[in-house]
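Engineer: According to Swiss-Prot, the feature active site, proton donor maps to Asp287. Annotation source Swiss-Prot lists Mn(2+) binding site at Asn172, Glu238, citing sequence analysis. The prenylated FMN binding site annotation in Swiss-Prot covers Ile175, Tyr176, Arg177, Arg189, Trp190, Leu191, Arg194, Gly195.
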Amino acid sequence: MSFKDLRSFIDHLEKNGELKRISYPVDPHLEMTEIADRVLRSGGPALLFENPTNHTMPVLVNLFGTPKRVAMALGKDDPLALREVGELLAFLKEPEPPTGFKDAIAKIPMYKQALNMPPKTVRNPPCQQVVKTGDEVDLTSLPIQHCWPGDVAPLVTWGLTITKGPRQKRQNLGIYRQQLLSKNKLIMRWLDHRGGALDFKDFKQLHPGERYPVVVALGSDPVTILGAVTPVPDSMSEYAFAGLLRGERTEVCKAISCDLEVPATSEIILEGYIDPEETAVEGPYGDHTGYYNETDSFPVFTVTHITHRKDAIYHSTYTGRPPDEPAMLGVALNEVFVPILRKQYPEIIDFYLPPEGCSYRMAVISIRKQYPGHAKRVMMGAWSFLRQFMYTKFIVVVDDDVNCRDWQDVIWAITTRMDPIRDTMMVDNTPIDYLDFASPVAGLGSKMGLDATNKWPGETTREWGTPIVMDEKTKQRIDQIWDDLGIQDMPTL
């Protein structure tokens, strides 16, 4: 099942008990965050606040608040089915010619999906049913959440920022938080390595002093939103990838003020520009780390046009100490990463990003070990293979007899198969999340790899221990007589 717009997905969630409408008046200032946080931590539904205080536009939160809803957005029933998305990405990252007739037949579904890649331009799009320009532009009329007591101002959180670099054929979609400055200005917080910032940098080099056109889409269809947070190959547009996931082309339309293409069924579109000479201090804001971040200067986005659907819905979220919505997205996208990593490193059995690790700061990898030093090779490969993992501070590698998603198993492996000096690899002066205030320098810090695998000759000269396992004959015998023993069922430790 695919969803043409956000509204059809909302209807689907509501029919399946995954969305709750809140008619009671709730304030976007702090109150929505507290309610959403309580509901998310209990595994509850998405919430549609129909009567936000001092506003007429409904607010949608916790849309991707469980891995199940992320899977539902992509037409899947189970988060594990998201590995199919990873298999598609692995195919796109390293497309190989068929090795024979049978291989060609097997790859036909992939080639069919590729035909859905180019976006489809439509006229009279829903996102331009209402057009506001000049003095009509008023960002304060939107029910923008003020999430935490220490936040400096309301914050746009789920906007898809659309840019195009002068050296790129494709447009880029990225999600960058945006601080409300005034009725027509936001601060665009994009970090230097992100696609939008790189496009802007290239534009300034080729067009010094000129205004850079930017568009922000709010409330796009769920597949396009998820396409913007998935590790799409740099050469591919997120629109094209969304078409692959959806099984049909992404509908776009031309923005009113520039040539950028926007998702046609979006709820709200903000059009405008960035003046290369205009910056402002952003923050502080509570972030996904569970702390307020430092302030820093970023470009100012001046909004010249607001277009939206009739009876538009404002899509929002908050970030805080995990679990939050980004952490739940990370749990779901974890399944996407597994096939991509296996494509490059077939010895990988499983890969896990624990949500407590702020989505990506810690990873645990289980491998089928084949030679001394193998774990360290996998660590270095993971850090360098995908852009998402350059911020991963800690990687633990375990053997295939250890469940990398079970902390009891992982801690047992660390404490019994590791020597702290021999099996710890430290790498300094590496890229680190700018929000990580624990690093010595903003954006630059160290990484730690922990080899918790069994050690091979060459890694140790000692006789290595053999895990204790009861023989199958005895276990079967006890299974047979268990009920006769009169021992009540006991809780699992």
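From the backbone N, Cα and C atoms, a Cβ is placed for every residue, glycine too.
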Engineer: Is it possible to get the count of other C-beta atoms within 10 angstroms of the C-beta of Arg177 (prenylated FMN binding site)?
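Structural biologist: Summing over all protein chains shown, Arg177 (prenylated FMN binding site) has 22 other Cβ atoms within 10 Å.
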Engineer: Looking only at Ile175, Tyr176, Arg177, Arg189, Trp190, Leu191, Arg194, Gly195, which the record lists for prenylated FMN, tell me the maximum pairwise CA distance in angstrom.
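Structural biologist: For the residues that bind prenylated FMN, the greatest Cα distance is 14 Å.
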Engineer: Which has the fewest other CB atoms in a 10 Å radius around its CB: Glu238, Asp287, the listed recorded positions?
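Structural biologist: Counting other Cβ atoms within 10 Å of each of the recorded positions Glu238, Asp287, the minimum falls on Asp287.
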Engineer: Return one of helix, strand or coil for Arg194 (prenylated FMN binding site), based on DSSP.
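Structural biologist: In the DSSP reduction, Arg194 (prenylated FMN binding site) maps to coil.
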Engineer: Would you mind sorting out which of Arg189, Trp190, Leu191, Gly195, Asp287 (the recorded positions) have a C-alpha within 10 A of the one on Asn172 (Mn(2+) binding site)?
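Structural biologist: Within 10 Å Cα-Cα: Gly195.
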Engineer: Counting Cβ atoms within 10 Å of each candidate's own Cβ, which of the binding-site residues Arg189, Arg194 comes out highest?
Structural biologist: Arg189
Engineer: Far apart in sequence but close in space: which same-chain residues, 6 or more away, have a Cβ under 8 Å from Ile175 (prenylated FMN binding site)?
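Structural biologist: The answer is Trp158, Gly159, Leu160, Thr161, Ala228, Val229.
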Engineer: In whole Å, how far does the CA atom of Leu191 (prenylated FMN binding site) lie from that of Glu238 (Mn(2+) binding site)?
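Structural biologist: It is 19 Å, counting Cα to Cα.
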Engineer: Could you give the Cα-Cα distance between Arg189 (prenylated FMN binding site) and Asp287 (active site, proton donor), in whole Å?
Structural biologist: 13
Engineer: Would you list, in sequence order, the residues of this chain other than Ile175, Tyr176, Arg177, Arg189, Trp190, Leu191, Arg194, Gly195 that have their CB within 8 A of the centroid of the site's CB atoms, where the site is the one recorded for prenylated FMN?
Structural biologist: Thr161, Gly174, Met188, Gly196, Ala197
Engineer: Quick one: pull the CA-CA distance for Trp190 (prenylated FMN binding site) versus Asp287 (active site, proton donor), whole Å only.
Structural biologist: 14
Engineer: Reduced to three states, what secondary structure does DSSP give Asn172 (Mn(2+) binding site)?
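Structural biologist: For Asn172 (Mn(2+) binding site) - judged by DSSP and reduced to three states - the answer is strand.
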Engineer: Test of understanding: give the count of other CB atoms lying within 10 angstroms of the CB of Gly195 (prenylated FMN binding site).
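Structural biologist: Around the Cβ of Gly195 (prenylated FMN binding site), 23 other Cβ atoms lie within 10 Å.
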Engineer: Could you list the residues of the same chain, at least six apart in sequence, whose Cβ is under 8 A from the Cβ of Tyr176 (prenylated FMN binding site)?
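Structural biologist: When sequence neighbours closer than 6 are ignored, Tyr176 (prenylated FMN binding site) has Gly159, Thr161, Met188, Arg189, Trp190, Arg194, Gly196 within Cβ distance under 8 Å.
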Engineer: Could you check which of the binding-site residues (Arg177, Gly195, Glu238) sits closest to Asp287 (active site, proton donor), going Cα to Cα?
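Structural biologist: In terms of Cα distance, Asp287 (active site, proton donor) lies closest to Arg177.
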